[in-house]
Amino acid sequence: MSRMRSPRPSVRRLVAALVLAQSLTGTAAFAQYRPPPMTESQRLVREGETAQVDASTAATSGDKKRAETKYRKALELFEKALAAEATSVPAAAGLGAVGLALNEHERVASLVAPVYAANPESLELAYPLGISLFKLKRYEEALPVLQQVSVANQPEHLLVHYYLGNYYALALQDGEATVAELQAYLAQRPDKLAGNDYQIHELLGRGHLLRNDPAAARLSFERAQVGRTESVSIQMGLGVVLEMEGKMAEAMALLEGLTVRFPQVPEAKERLGRLLLESNDLPRAEVQALALVKLGGTAASHMLLGDVRMAQARPAEAETEYRKVLDLAPGDVGAQIAVGMALQKQGRNEEAISFLESAVQSGADSLSLWSTLGSVNRRAGRYARAVEVHRRVVEMAPKQALGHVLLGADHFATGQWDLTIEDYTQALKLEPEHADAKKWLARALANRARDRAGNGRVDDAVRDLRRAYDLERTSAMARRLGAVLLQQGSHAEARKVMEQGVQLPEAAWREHLVLGYARLGSGAPKEALESFEKAGQMAPDLAAVSDVSAGSALAEMELGQVDAALKRLTEPGTSKRALEVTRANLSRVYLRRAFARLEAGDGAGARQDVESAERAGLGGNQSELARLSAFAKGLAQTEEGRFGDAGNLFKRALTPTPGWARPNTRQLVDAFLLYRGDKLPQARKTLTAAARRPIPEQAQFTATLTSALHRREAERAYSSGNMRAAEKAFKAALALSPDSVALQHNLACVAYRGKKANDAVAVWKKLEGTVPQASLNLGIDAQERRRDMTQAVDSYRRYLASGAAPRAAAVREWKERLQQIYGLAEPATAPTPNPEPSSATASDTTP
């Protein structure tokens, strides 16, 4: 039997009892709280929320029809609530959430946006508004709203990271932002959504490709492929990884496999065709392009086939394909540009310009189209119109380098180097790493430097080429800078630049040739000859060999190999540059050999070389080279004893004083001429006057000539019997040349004549191995003073055996007469000549 429940008192009776109790107790009475009545908007929001809950329940249970009905009801209620109160955040938020469920993105965008504008911090408004704008492809409006939601990083707004990652990857090509958003998605996504991670990893792979990180991209693509059937898009992503790694053959093999396994997928064929086209494998590229056209005849397929036809130099067929692209996609800028280029390749410049002009006038306001229009005008020789169009490009994209680069090309084509340099400099201010701007700025600077150097502005040319070399570190640019530094006379700097230049890629024989001249100019002829030899090994033809041979001749001349240098210069070949070097230097080399022969005492040979130099050309009688030739000829005539003619030549050569002479050169030459003419007092007086202001490099010559004067005076005094004067003069000469064995020998002769025979004999014995006359004098002493005929004959025999016996006939007669008179036979073995004969020349002085 169930227990009876007492009936529940009504709410009204309970309230009355409470009021009575309060009045009996006498305490202060409290007012009862009642919530304010809801507004119409709030009531509608509550009803909408209820309908939204019902719709969610129905959707969870799989009743899609009932769910949609409830969602529609909820949407209607929220819309009425928003109409009743236009600023209601709950109404707008509810409308946004339900609108997303029903894909009513246009309605959400139009109704939620005003409320969000008044409440920009509200994430419950930002989320549905941002998603709806994104779905409507109003990306510029959606992006800041979605970024606001992304920064908050709320789990319920997970999809925002996916949408943003997708947009960054495919639209903005921002790898860093793509990876950041998708990694945020993976960090928050619930386990029940893990089945769709392959999409996220594929997008991540594309983000890593944009970041130029092929290793991370490969890992993401491989994760996307794990456990799934082969995906063409994922495999193509791996193909791009191979491209970035430089493995083009493997990338093409992967794509070729995809075209076989998935013959109906156009993307693989198109990408393979593009790679084959880039690698200039035109037959295989054509196969893929034709297969792509056959597969669907899309705009992309005709574009690829058109590009192949252009590469095959078949512009008319390419034009046909490009026009098919325009039939399928009338506003395609790339196809419009391609048609213009195809027309120009056929020589139909005016049609190309007209076509592109029509395209821009029809409203195709594209940077690429305007850029191409200007470039086509430039190639057609319409430079003014090209500049006008490209200035329009600058106006359209003032923060890009593109317009300035194109203007630079226009001005480059007309040789306006100052304007060209200004254009490319401005481009680099906007985009400091722009490769084309750097390249063509360097070349414009090099061209301006060439013109400046040709006009005598060598210092300005050097500045231009230094800047160009900083922009373009190539061996060719190093060669240009090195050449103008040589023209400036900065040989050491040119050598430094060229020693770097020959180490750069593509350095060839010309770079080594310029390095040779730089080393030669900096005083390193041996190293210069090595550079010329290296250039000769790399020379591609006979003209280049001639150029190198001319440089080698100059190096050999500086090394003293004058005969070898003359042989090269007298056989210059056909090279224009080699002929110029020969004309400029042949006479110099002859003069160099003439001076060398003068130092060796070969006056006749020196005169012949001077005459050869005159025939080779000296640049006029008053040129520095002509006066040097006259100087050399004067020295040669001095050696031949033609002192009057020599004096006239010296006067012509040294009046006025040339750059290669010193202020006292004329006095020194006059002193030498007087000495050779045996006018010793006048020679000494002139030499003393010349030496009053000593010049360091003349010290050796002055000392040698002074010593020669002392020696000639001594010999003259000796011959006249004035032994005191002879001794004084020989001692003065010996003081200047203390190691001279000839002077020691002759001073001993003076001592012998001065009754110091033993001292003289001791000196002669010491010098007998180096001075032949010492043996002769010992023989005379043995015969006349010591009466030792055997010793005399032996001394005469040693003199004759020395090989340097100017009095051989007389001495041989003395020796044979003594042998006959005293019965002295020849020894069993002939005397051995001195193994190291002296190179010193002693006077044939005997006691």
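Cβ coordinates are placed from backbone N, Cα and C, and glycine is handled just like the others.
Feature annotation from TrEMBL assigns signal peptide to 1-31.
Feature annotation from TrEMBL assigns region 'Disordered' to 35-64 (among others).
If you look up TrEMBL, you'll see 299-332 (among others) marked as repeat 'TPR'. If you look at the repeat 'TPR' (299-332), the same-chain residues 6 or more away from its ends with a CB under 8 A from one of its CBs are 266, 270, 273-274, 277, 280, 282, 285-286, 288-290, 292-293, 338-339, 341-343, 345-346, 364.
Across the repeat 'TPR' (367-400), DSSP classifies residues as 27 helix, 0 strand, 7 coil. Per TrEMBL, the feature repeat 'TPR' maps to 367-400 (among others).
Summarising the annotation, TrEMBL assigns repeat 'TPR' to 401-434 (among others). Beyond the ends of the repeat 'TPR' (401-434), by six or more residues, the same chain brings 367, 371, 374-375, 378, 383, 386-387, 390-391, 393-395, 440-441, 443-445, 447-448, 451 to within a C-beta distance below 8 angstroms of the stretch.
Annotated region 'Disordered' per TrEMBL: 822-847 (among others), in sequence order.
The compositional bias 'Low complexity' feature in TrEMBL is assigned to 837-847.
Sequence-distant contacts of the region 'Disordered' (35-64) (same chain, at least 6 residues past either end, Cβ-Cβ under 8 Å): 70-71, 73-75, 77-78, 80-82, 84-85, 88, 90-91, 94, 97-98, 101.
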